[in-house]
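Annotation comment: TrEMBL describes 1-38 as signal peptide. According to TrEMBL, the feature transmembrane segment maps to 99-130, 151-175, 195-217, 273-290, 302-321.
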Amino acid sequence: MSDSSSALSPTRGSAIWRFPAASILSLALSSLLYSVAANVTGPELAAVSRNLTDNWHIGAMLAWKVSELSIAWYAGYDYLDLGYLTLLNNVPHYFLLNYFYGVHALSALIPLAIDIAAIAVPFALLRPVIHAHDTSSLKTPNQAVAQDLSVQALTALFGAAIYALVVYGSFVSWLPTFLVVHFDGLRTLDQAHSSAIPVLLATFIPLGYAATQFVFVPGVGSPTNPGITDPGIKPEKAPFHPETASLSETVAWNVGLSKAGVTPRAKILAKRTAVLAACAFINTFVRAYVTVEGAELVGAVGWASVWATAAGLVGLAYSWAGDE
């Protein structure tokens, strides 16, 4: 699962006790922060949440939380990776509560910030940043491209546009009716019916930026993926002549499956895209089905599929843009 962009420091990343410590610290910090914020967010969230008294409810949430931490730790992700991935995974849940259950934006943003802090802070204390995110030393050519602000801004806008188009397309076609049928207690459809692409685009810019940092920057900024961004290094791919290539050869070249094989950069991009899409689906499904009052199994699957599709398309777009 780990990608080659994730070299670990022997002093901060390899000790066997660090993962249990990170898990305990994350769970404790989450509990503490939610307790502190209960007076502000508690009443609104409680009004639309299931009463988690059944053992399976609690077990499912705890199991997913530990699984999420395990995947992140053993994949070699740093606290920036985890912060951005947590944002991407949890926005769908709070978006649902805000758009369709009338939960105030502040009551959604505070727990979202808690979710991010609870998972990012332990990793910040126990693991160094990966090479692609490192700004403390002289930049390699790959890092210079990956960390260029104009490149990141355009890539973030690209990702936000994909999220906006997927969600808007769902809003104007099947999603509102589907949610009414499979989410008992839905309070409003007004925001879904009145949504416009520019509004959704502005709303999803943080998602585009987070996806850029999680998929594009590590893929392009890794020290082990030479390509045309590295002057003087021969590109890994075999020569390609589009004027004589067959359709299958053209497709294979564009997805990184040419005769030269899959490049290290393509592997990082593919792995992170798969993680992003899978985690977006699982986290959105678990949080909808387990915690939202009236959510049916089919409804949670449908809602999660919207965000997994958007995440997968963003990852594929970034893979196409970043794999030269």
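Each Cβ is built from the backbone N, Cα and C atoms, and glycine gets one as well.
Whatever TrEMBL says is automated annotation, not expert-curated.
Across the candidate stretches 99-130, 151-175, 302-321, the maximum count of CB pairs under 8 A to the transmembrane segment (195-217) is reached by 151-175. A contact between the transmembrane segment (302-321) and the transmembrane segment (99-130) is absent, since fewer than 3 of their C-beta pairs, 6 or more residues apart, lie under 8 Å.
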